[in-house]
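A.B. asks: Would you mind keeping the following structure in view while I ask a few things?
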């Protein structure tokens with residue numbers, strides 16, 4: 001198929017009987033080459049169509065981070081879950097200043113479509129992860145698009161929650177690690193949204209989990225969120241109590257677990273990542 | 001105690017109920033600052049003295065590599081095993097050319113004590129990992145020196161096998177991933193040993209697993225080795241059949257597992273690392 005012919009395999013490694021692969025392809029959405037990681041469990045290598053969880057990484061990370069650091073591939077192999085790991089922003093867009101700050105521009109796409117100059121041409125990670133990438137990988141590999149979940153860490157947790165709430169029939173299961181739940185009200189989000197979306201805060205609401213819940217968006221499955229209490233970004237950027245309150249007011253099923261002494265790192269993510277895969281597998285196993 | 005006061009904690013993260021820590025300390029053996037990683041399982045954090053496995057990384061790696069990429073901390077936590085991860089060479093020794101090649105000098109200490117100029121002042125990883133580091137960490141943390149194992153990957157597998165054979169009462173359990181088993185006869189070893197040890201090959205034998213077995217060295221416990229058949233270094237550098245033959249001739253118990261399609265990467269290591277921890281735990285559990 002056409003999509004497959006544009007996929008350039010950069011690396012492949014057998015792992016837990018499955019395959020870890022890193023691809024590059026020309027993204028029409030981003031107008032640039034884009035990279036993603038893929039884990040195919042043994043069942044998929046044997047030709048079976050398998051459920052798939054998209055894993056979104058956080059600020060400064062890449063398509064490699066989650067697959068290398070989440071320590072979750074043994075369980076993905078066992079459960080028969082594929083993982084798709086997109087990059088966190090376009091790369092090489094050439095926007096002035098995009099490489100100056102670690103929380104804006106490169107590595108910090110926030111999984112939205114920018115509407116403002118000079119970002120709007122290339123910074124279109126929303127369309128990329130919700131349309132181009134699923135269409136591409138689900139045509140090229142034995143992935144069951146009817147059993148599709150999404151998770152992420154920090155900025156990636158924000159992306160997972162936002163897109164699952166806005167398209168619950170598309171993303172049938174959702175979870176997050178230490179997500180940015182109310183970006184409109186915290187420094188990371190205010191900085192990025194002002195630049196990418198402009199100063200009219202009404203346009204920010206569709207990229208803000210708490211606002212989406214306030215505005216009537218719901219997900220039929222329980223949202224699983226883990227959060228470390230020693231997270232260095234807890235008070236300033238993450239503020240999970242806003243999610244707790246909004247979900248309760250909205251009647252959105254939410255399991256928010258707080259973990260004493262855990263910080264924001266992938267050492268925290270890997271400590272609970274197996275639980276997340278089981279959460280997705282349990283929901284996706286009942287679908288279709 | 002004195003040792004502890006010289007330990008500078010660089011990072012600490014809770015992980016699977018245990019603690020991942022990265023330390024720096026002034027090494028008297030190396031004459032330089034040295035770094036190591038440490039995983040303390042929950043039992044150790046609760047004050048219990050626990051068995052400890054030293055994990056040696058391969059060429060180009062650091063004190064962080066094995067802990068980040070082996071995906072083994074959940075099992076170490078469950079088994080109550082501590083892990084100590086030294087660096088792969090001294091850093092900043094200032095030897096001319098030490099940063100030129102990835103298989104010599106920095107990142108490539110080969111776990112030996114160099115006897116030749118200009119290496120012999122600082123390149124003393126043998127004394128560091130077999131004496132200074134165990135003395136330091138076993139005084140500073142609740143580690144049971146009577147229950148001490150060693151493992152490693154590639155160059156680190158070489159280090160684990162060599163030192164376990166030479167001091168089987170010190171290293172009570174041993175395993176390796178894709179080890180260099182006969183460095184005297186392969187390009188990596190010939191290059192490094194010529195520089196570090198000089199051209200008299202008789203001096204190389206104590207750093208060569210196959211030669212040690214030929215020379216009468218034995219380990220009382222079974223040696224576990226995993227090797228991928230799609231390893232890009234299999235034929236040129238690793239040649240596990242030499243180990244198989246030497247162990248058989250020597251009556252050394254060896255479990256050498258060959259794995260079709262697995263390569264040399266940590267994706268291979270993580271696929272079998274849990275088996276290695278269980279191997280160590282089973283042997284160390286019967287000691288003392």
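Using N, Cα and C of the backbone, Cβ positions are placed for all residues, glycine too.
If you look up TrEMBL, you'll see A:154, A:231, A:264 marked as active site, charge relay system.
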A.B. asks: I want to check the contact list for residue A:231 (active site, charge relay system): same chain, sequence separation of six or more, C-beta distance under 8 angstroms. What comes out?
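C.D. replies: Set apart from residue A:231 (active site, charge relay system) by at least 6 residues yet with Cβ under 8 Å, we have A:178, A:238, A:262, A:263, A:264, A:268.
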A.B. asks: Taking only same-chain residues 6+ apart in sequence, whose CB is under 8 Å from that of residue A:154 (active site, charge relay system), what do you get?
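C.D. replies: Those within reach of residue A:154 (active site, charge relay system), by Cβ under 8 Å and sequence separation of 6 or more, are A:58, A:59, A:177, A:178, A:179, A:180, A:233, A:238, A:264.
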A.B. asks: Applying a 10 Å Cβ distance cut-off over all chains shown, what neighbour count does residue A:264 (active site, charge relay system) have?
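C.D. replies: Looking across every protein chain shown, the total is 22.
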